[in-house]
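Participant: These came from Swiss-Prot, pasted as-is:
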| type | residues | note |
| --- | --- | --- |
| REGION | 1-20 | region 'Disordered' |
| BINDING | R25, S124, D304, R305, T368, E387, S389, K400 | alpha-D-glucose 1,6-bisphosphate binding site |
| ACT_SITE | S124 | active site, phosphoserine intermediate |
| BINDING | S124, D300, D302, D304 | Mg(2+) binding site |
| MOD_RES | S124 | phosphoserine |
Amino acid sequence: MANFKVSRVETTPFEGQKPGTSGLRKKVKVFIQPHYLQNFVQATFNALGADRVEGATLVVSGDGRYYSKDAIQIITKMAAANGVRRVWIGQNGLLSTPAVSAVVRERVGADGSKATGAFILTASHNPGGPHEDFGIKYNMENGGPAPEGITNKIYENTTTIKEYLIAEGLPDVDISTTGVSSFEGPKGKFDVDVFDSTSDYLKLLKSIFDFPAIQKLLSSPKFSFCYDALHGVAGVHAKRIFVEELGANESSLVNCVPKEDFGGGHPDPNLTYAKELVARMGLSKTHSEPNPPEFGAAADGDGDRNMVLGKRFFVTPSDSVAIIAANAVQAIPYFSGGLKGVARSMPTSAALDIVAKHLNLKFFEVPTGWKFFGNLMDAGMCSICGEESFGTGSDHIREKDGIWAVLAWLSILAYKNKDNLGEGNLVSVEDIVRQHWAIYGRHYYTRYDYENVNADGAKDLMAHLVKLQSSIDEVNKLIKGIRSDVSNVVHADEFEYKDPVDGSVSKHQGIRYLFEDGSRLVFRLSGTGSEGATIRLYIEQYEKDSSKIGRDSQEALAPLVEVALKLSKMQEYTSRSAPTVIT
């Protein structure tokens, strides 16, 4: 048993270590500066306080992006020096964000210990590699992201930090092999437990879904399946879950070997970046696929996001969460007793609202950021929730969960096809979506992302939109001058949320223009990029007339798109003639 001692290292603050909704994200070149990561980790320990750190059991893992392995060793040594009793690390340092949440909530160590929190090393859907992004966030004992009270303290601490603690004489831990390594320090024993990355997560998923029913679907010659992990950490879980447990053919897995640079790609599961899957599913504009699979899905870098596709058919994330909620009680055993409630982020379409109304469910509209859902779940008020940004999840953990969403869709397909895997036509993904629209109406929806725009220009654009809201009459005059065929604005505001659980108020959560016919325009500045500002524009139109629900989305939304771009003076403020990504 190796002994270590504790060193106090003098340091000075770095500017800009303010964690956003998903932790601290910066370029790798920023993180590898001497003391940079250490300052943030020590600021986190100090914010948590001795009672939450000394004797604690912490999970330290991530999506495997460049610099993760070095960061794991640094955090482990700092944990030892700060009096943490145990560090749990997924084999090779790999755990998806939902798997971390599952481990914190469910795993019991060999000595009966339970995790009290986690450092997750991820920048989610942002690119990885020496010249790309790295990130770190802290999750609490409920498996969810640290609340603002903690993240604000972390930031305050980064502005005044003078020293950090690190173990001296503690060797690097071999994270490629499972097993427990024990060490002795000034405060007693310190253990590092490297464990199988998928077992605890899989056990939880098997308690939620009817795996034999999904297996029956996947083994049917009628059904074909494709899963693309975009070289992110979800690939670690995919083979075990889809191939070994559910019997899918290994050839159905694409890009499922995790890579530090995500294979040079952008690990964001949308129609722009998941090119290989999009082509395979028959949705490429340049490549014709004669026989696409029935079902396809993609994950992001840390496995918490998902994109769902049918044969030549894209399911919007806003529709996806609504359809899962509408079918959950029948198709997913975990929900057989009913749903406690449902929730969506404000920019997400109102498709879920209509389902909640029909099914008489509690409904919540929250700001962007999974922690708001976590509060509702901890209070027993919400079972299923989702975001338009390809995040879907439930109260089984406190993070969004990409593989959970895929299994939810496979469960719905298995349920709808339980009597026709032999004779009869398969009920397809497209059939399920169109049946949903026929019952609940369709929310035509698109999102325009303007990435890495000049921060001052972005702020000026938002200020312009807020100023316009002072006179709805003036706004409607401007709109009629742009398009006479667009409905009137009846309400305009900056979205503000009062949490029904703790009473906290979140202001300035996005600018909204709500129209008489149920249409919406929403503008947000996003804080998850590592450089510049990202403006997100959300455009939504509700159509109840069943004869009009089959139109092309961009065609149906064209009048509102024109209004949004001209009303906001998008090109004038951003110098961009087109968005970076259209979803």
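Cβ from N, Cα, C; glycine included.
Where in this structure would I find these features, and how exposed are they?
Facilitator: Tertiary neighbourhood of the region 'Disordered' (1-20): same-chain residues 26, 33, 35-36, 38-40, 43, 80-81, 137, 146, 151, 154-155, 158-171, 182-186, 190, 527-528, selected by CB-CB distance under 8 Å and a gap of 6+ residues from either end.
Around S389 (alpha-D-glucose 1,6-bisphosphate binding site), taking its Cβ as the centre, 23 other Cβ atoms fall within 10 Å, counting all chains.
For S124 (alpha-D-glucose 1,6-bisphosphate binding site), the count of additional Cβ atoms within 10 Å of its Cβ stands at 27 [all protein chains shown].
In three-state terms derived from DSSP, S124 (alpha-D-glucose 1,6-bisphosphate binding site) belongs to neither a helical nor a strand segment and is classed as coil.
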Participant: Tell me whether R25 (alpha-D-glucose 1,6-bisphosphate binding site) sits in a helix, a strand or coil according to DSSP.
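Facilitator: Its secondary structure by DSSP: strand.
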Participant: So which one is it: of the binding-site residues D300, D302, D304, E387, which has the fewest other Cβ atoms within 10 Å?
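Facilitator: Per-residue Cβ counts within 10 Å for the binding-site residues D300, D302, D304, E387 bottom out at E387.
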Participant: Between R25 (alpha-D-glucose 1,6-bisphosphate binding site) and D300 (Mg(2+) binding site), how many Å separate their Cα atoms?
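Facilitator: Roughly 16 Å, rounded to the nearest whole number.
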Participant: So, in DSSP terms, is D300 (Mg(2+) binding site) helix, strand, or coil?
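Facilitator: Assignment for D300 (Mg(2+) binding site) reads coil.
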Participant: Roughly how many Å lie between the Cα atoms of D300 (Mg(2+) binding site) and S124 (alpha-D-glucose 1,6-bisphosphate binding site), rounded to a whole value?
Facilitator: 7
Participant: Using the recorded Mg(2+) site (S124, D300, D302, D304) as reference, state which further residues of the same chain have their Cβ within 8 Å of the centre of those residues' Cβ atoms, listed in sequence order.
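Facilitator: The answer, listed by sequence position, is D63, S96, T97, T122, H125, G232, P267, A299, G301, G303, R305, G402.
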Participant: In the region 'Disordered' (1-20), how many residues does DSSP assign to helix, to strand and to coil?
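Facilitator: Secondary-structure breakdown of the region 'Disordered' (1-20): 0 helix, 9 strand, 11 coil.
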Participant: Give the maximum pairwise CA distance in Å, whole number, for the residues R25, S124, D304, R305, T368, E387, S389, K400 listed as binding alpha-D-glucose 1,6-bisphosphate.
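Facilitator: If we measure all Cα pairs in R25, S124, D304, R305, T368, E387, S389, K400, the largest is 20 Å.
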